[in-house]
Amino acid sequence: MSGSGAMLLGLLILVAMATSLDTREICWHQSECDDPNEWCCIMGTSYGSCQPVCRP
């Protein structure tokens, strides 16, 4: 395996670990949240995350 390939693999593993730690669902619309008490909070970009309270 080349150096750049190993680096890319390591990066993918880091991203996978980071996303698995974040238990919030990624959403685009309120209806995508499994919990009816949660809102789809848009985080400055096009998608958001399901949270009970949206912080500014």
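Placed from the backbone N, Cα and C atoms, the Cβ positions cover glycine too.
Residues annotated as signal peptide in Swiss-Prot, with sequence analysis given as evidence: 1-23.
Annotation note: CYS27 (disulfide bond) sits in a strand segment as assigned by DSSP. What Swiss-Prot lists as disulfide bond is CYS27-CYS41 (among others).
Residues or ranges marked as disulfide bond in Swiss-Prot: CYS33-CYS50 (among others).
Look at Swiss-Prot and you will find CYS40-CYS54 (among others) tagged as disulfide bond. Summarising the environment of CYS54 (disulfide bond), the number of other Cβ atoms within 10 Å of its Cβ, over all protein chains shown, is 13.
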When the Cα-Cα distance from CYS54 (disulfide bond) is computed for each of the disulfide-bonded residues CYS27, CYS33, CYS41, which gives the smallest value? CYS41
Around CYS40 (disulfide bond), how many other C-beta atoms are within 10 angstroms of its C-beta? 20
So, three-state DSSP: helix, strand or coil for CYS54 (disulfide bond)? coil
